[in-house]
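A.B. asks: The following feature annotations were taken from TrEMBL:
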type	residues	note
DOMAIN	36-124	domain 'Fibronectin type-III'
DOMAIN	217-308	domain 'Fibronectin type-III'
DOMAIN	309-398	domain 'Fibronectin type-III'
DOMAIN	399-489	domain 'Fibronectin type-III'
DOMAIN	490-582	domain 'Fibronectin type-III'
DOMAIN	673-762	domain 'Fibronectin type-III'
DOMAIN	763-852	domain 'Fibronectin type-III'
DOMAIN	853-939	domain 'Fibronectin type-III'
DOMAIN	940-1028	domain 'Fibronectin type-III'
DOMAIN	1026-1164	domain 'Fibrinogen C-terminal'
């Protein structure tokens, strides 16, 4: 969200929208940050003051907060009124640079800070002319500074102490820090020069001399271009005569609002802005030359009145909106802000920002019947004008409103209206003829209806419609509307043209009214066929009717439809289509297996063309069409298929029109067939053929055989007519052949039958195995003589299972079998594949190698034992062989059962690295060896014991382990969960535990270390001796525990170990046991602090400090406490004691309560 106003709270709502439905909103309030003050600048520095100016933020706020800090870190805060744009900082140090920040505040909210740096002028003093000052000192100590006056004419002794004080202060602050010291001394009398004190050394001196030059003067001083927030000042002066000009602008009676401006000596004018409107000001101008100011020039002027807005007017008030207008001078405003608040403060305020040239606004989204207050203010040059206001009350939302008339036809009207839900019991609609009031229609409509259609009205008539809302039987609000019905539509004449044997054109006219559509119905006069119905748009006035029957009478019916759905009286007409010449006697003759002849009869010169269409009865083939001349009367059809039926259609064409078709059916004769050619008993060099044929029809059969790739000569055989089979031999193996067979008889040959056959593919030979591992092997073979497409290798365990199949190219003679199971016998078979043919298989037995065990790990390792575990081999094995050894011990070998997956290793040496290996055995097979390394554990130290147990200490002792160690890890844990760890040297066999808690149980654990190895842990438990107060809650309990020395102690609030607090206990004064919460003795600590710091506490408890209000409250809330105050001053002492002392909590602002005074200090 952008374009928002700074420092403004907004209400944000989000709703989900789907189609026209909208969910309830999810809402939240969010506020923008305050914008910070603009253009903060420093001007008119003096020795102790700085003038500040800025431009105010746009947001509304309560006040300014000004913070300024010196280089030493000391900060000060000032709260400035909201309407200020300038401020004079007073009480500053001379010659000091200050860091200044300015923020706007509104409640608890703060803007970002605007920062600037500014420096005060150096310190100065005045001395008379001709005063000689000699300055000498030693660099070792600032007390050795000596300043004396050298007699030189008339001097003023009274000024010498002031000068000595000035130099002493300057040297005291800067001597040890700065390599050079420069102080400016100014004479109060005109004509004296401004001189400087050079870096002092034992031979340096300063002399002030009178000026030989005349002081330059200022010329004319005037004010121009006065505005409501400032004006322009101009003056005259000689070029180069002045180094700078100092201008002072002061509001009479308000010296604290004085503004000092310094401008360069090259300027002769300046614009002064940020002033109050309609306010008089006194202005002085001084020139500065050689560090001195001229006599001032003065004048008076008054700023103009601030522009404002006026005549805020509210108009056009509705239930949810109104219009605003106002007057304002042109060009004076950057923007306008409108704020609208309901008088009961029940709704969220509304705020609008408008451009500076706006003079009107439309406000919507308001609630009906609600009082609102409108505030309008202008923003000009960053300032907001005084707001003007106006009151407005939105009108009550009407119960009944917005009566509308729509969809007016010649006989009806549609009415809609708006009404509040459940406001009316019912409505009465009165529709009255405006010209004949007695001609009226009254309807009653239910109270939840918002629309009604009034029918049975007269065409082209003016009507007055009144809607009455009825509540409890009484007439309520009435709405009125005017409406006029349309004229009743009428058709004109119907005309028929361009009548042909199968169509005609239709056109018509209309007399009155608009039409939505026209409906045309065409039916033959005998109703022998389905009627045609055609709907055309209301703007159409003609139509073409086609698809009719020649020489037939038709009735035409035309009816109009109005936009309201009403139908006019129809127009009717009759028409007869033209007749076609006769076409008859379609005849089929001369039937044969491949065709027939069709003929027909028609009058001479009656037709232009004939169209013959021939379609097979099964509709499986594309129709054949023959376009003939009008003089032709027959057509011989050839090339048809034997023994199937055909349908013949004949059309005549005359003068562009087509007759109805004549049709006839014919069937071609069948011819002798040879059928069912089959191939069987295929071998690598041949196959058997068989077929069927009618007996006694054929004298012989002809067989033609040729390989499909045409690589050899074709083979042709003649078989006697009584044979139905033939064996074919002498062919190539794995070859595809094309076969053609036809019969010959009575000088004719039958249609041939064809088939494709292949000789059997040859088998591979000489299977063998190599490169055998536990899960793979290579199988090889000798290929057959003829080339095959693929070899298919299948392998399956001899004990059964799902076969694995691998297919390789026909050019290969070996392949790798993978994913085998170790130690298993496989039955491997290979077949040749060519197309869909497969050869007989060749087989062999493959035995895979043993796999080795896996996952060898050593667990449960101690200093003398370990457990070796492994994952068994996949193959079923007889035994596992386990071996282990170290650099200093011989190898130990043990054979275990093949069902075993672990082995106990015993008698090991501590902290020793061993090599462990395992392999499997089965019959004569041996797997590969699996190895790993492990190191035994370090043996633990022994005989851990506790001696010399005290309240805060104890002594541990133990015996070292057998193996060499590099150190020990000591862990001791108190009963409250506090854990400490100590790393000890390898030679250590005892250790003193200190800083223990009294009366506390401790668990001590000890481990031996050797590099990365750790032994088992040994432990013991002991309890320290007790104190009267294990967790003292104050210094008095610490004193009772035997602590007698003053110093820092840890107390525990309410005796709770979880609430420790470090305090300084005075164990010597007045019997001891005192908690010191404030000490001021030497001035080292800065006690000028803010409230937050005093709540938390500060300082060094061993020196000057303050314990903090919150800590004081926690301490004094433990019980009744005494307060003692000791005062000392140059050897004098006094004290005050109060019997009762307490500090309340933060809610009461840490209220102090004391009572029961005694002592020597006197009760304040």
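Cβ coordinates come from backbone N, Cα and C, glycine included.
A TrEMBL annotation is a machine prediction, not a hand-curated record.
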A.B. asks: Tell me if the domain 'Fibronectin type-III' (490-582) touches the domain 'Fibronectin type-III' (309-398). I count contact as 3 or more CB pairs below 8 A, with pairs 6 or more residues apart.
C.D. replies: no
A.B. asks: In the domain 'Fibronectin type-III' (36-124), how many residues does DSSP call helix, how many strand, and how many coil?
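C.D. replies: Across the domain 'Fibronectin type-III' (36-124), the residues distribute as 0 helix, 49 strand, 40 coil.
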A.B. asks: What are the DSSP helix/strand/coil residue counts across the domain 'Fibronectin type-III' (217-308)?
C.D. replies: 0 helix, 55 strand, 37 coil
A.B. asks: Check the domain 'Fibronectin type-III' (673-762) for me and report the mean pLDDT.
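C.D. replies: Averaged over the domain 'Fibronectin type-III' (673-762), per-residue pLDDT gives 86.
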